[in-house]
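Encoded as structure tokens, the structure appears first; notes follow it.
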Amino acid sequence: MTGAVQIDNLTVRYAGATALDDVTLAVAENEMTALIGANGAGKSTLVKALCGLIRPDSGTITVHGRLAHVPEGREMFPDMTVDDNLRLGAWRRRRRDTAPIYDLLPDLAAIRSRRAGTLSGGQQQMVAIGRALMADPEVLVIDELSLGLAPMIVTSLVGHLRNLHATRNLSVLLIEQNARLALDLCRHAYVLESGRIVLHGPAATLARDPRVTAAYLGGHVTVTP
Amino acid sequence: MSDLIGYLITGLGIGAGFALVASGLVAIYRVTRVVNFAQGGFAVLAALLTSTLLAAGLPHGVAELGGVALGALAGLIVGVVAIGRPGTSPGTSLIVTLGLGVLAYAVEVLIWGDQPRSFPGLTGVAEVAGARLPAHYLLILAVTAPVFALMAWFFARTDLGRALTACASNRYAAQVVGIDVRRMGLLAFTIGGALGGLAGVLTTPVQQVTFDSDVTLIVNGFAAAVLGGLTRPMIALAGGLLLGVTQTLVAGYGGGAYQMEVALVLMLTVMIVQAARTGPVPETAR
């Protein structure tokens, strides 16, 4: 199986401080891969490097296909309508018809004319996912899907994500502080600490690893099949 | 009564010029966060070139278009110098625009000299509700109104306009969806240059232009733009028109020497009130 994303020996420094240190990570094609880690571990730096928003000091990043990004904090265009937010997601494409997104995420159709800044956090996250899908990506990078959202909203978003993954053959890199969610949802996972990958492997295996359960799962293991 | 109507229409004509300069400032500030102090210079350059082209025998319309095109080109050049280098802060870019504005003086004096210039616009006298005034003021309004309508349509209804608005609304999100914010900044400078140029070619037939006329334009344009926190073009339009009318009324019923002071007092009042309510103006714009 070829990789959708291959990151090799990636190092990023900010003003002398090393944010990412020799990171190697792969996202397999049509699979969901998790990157978990605490605040300040370097997750956002890795996302920015992967999306081309910062230049790494060394290492290589290879992406097969189009990559789209659901950024941390949703990052709406608050004064624009949902429909305009979606259209801008396809900025690099010629085709900017939003109808297919309303078919995929019907909840968005009812709020298409509302200003994004007036939506709830869950609705904004849905718009952020829809906006990323407008780029017709093969690889989707989702930065903190669950951040600041109620558990019920997160469950609904996860349902949508599972459907999208199943129907669109998306390769997904899910960056999450909520390790339980990430390990439940993904097949493979990486653990980032202080800019280094300290553990990686099948998510089910990592979920049973005492170092992961102690640090990220509160000492309990609940992985659904 | 006819005096008042005359002053109002004349004021709207002069204010339309301020509004065009102001909307150029707003177009640039929204996308780049840079206050472009070279904005008045675009109007001066466009007016001076138009006077030369008309003197060389080019017909009206073509000469004015040439002036506006020079304004747009000057806008692009200022943009390249001010924001072309990645990582340049808006504060540094502001100083660069100020420097380029002063440099433009030297170029203008070298090419066109330091004497006032003008050129004929729409000739004749119009009569509106008993008031007689130069017909050119009506032309200024007839051109400015559709230009603002066109801008409103462009920013709200076209994908390129939406992308410019997106850079103004959330720069990081714009980068996330793949918009080149630096290129959009250069486009904003070009649009700002064209709007400044249009102000110059429209108002020069009723107000002579010299190399340093940009000071009056930038003070009035900034005063109009600051009403909307430098981010709202339609409030800049209203601000420009209000300033033009107020100044004309002050000149008509009081003394012409106080026109600039009206703009300065208005600008200072708005900035002080805004700063007292929500902090410094540039931060409130976000």
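Backbone N, Cα and C atoms are what each Cβ position is placed from, and that goes for glycine too.
The transmembrane segment annotation in TrEMBL covers B:6-29, B:41-59, B:65-83, B:95-113, B:133-156, B:184-202, B:222-245, B:257-276.
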Item to complete: State the residues, same chain only, that lie 6 or more residues beyond the ends of the transmembrane segment (B:95-113) and have a CB under 8 A from a CB inside it; answer 'none' if no residue qualifies.
Response: 34-41, 44-45, 48, 51-52, 74, 78, 81-82, 88, 211-212, 214, 218
Worksheet item: Is it the case that the transmembrane segment (B:133-156) and the transmembrane segment (B:65-83) have 3 or more CB pairs under 8 Å, with pairs at least 6 apart in sequence?
Response: no
Discussion item. Could you check whether the transmembrane segment (B:222-245) packs against the transmembrane segment (B:65-83) - three or more CB pairs closer than 8 Å, residues at least 6 apart in sequence?
Written reply: no
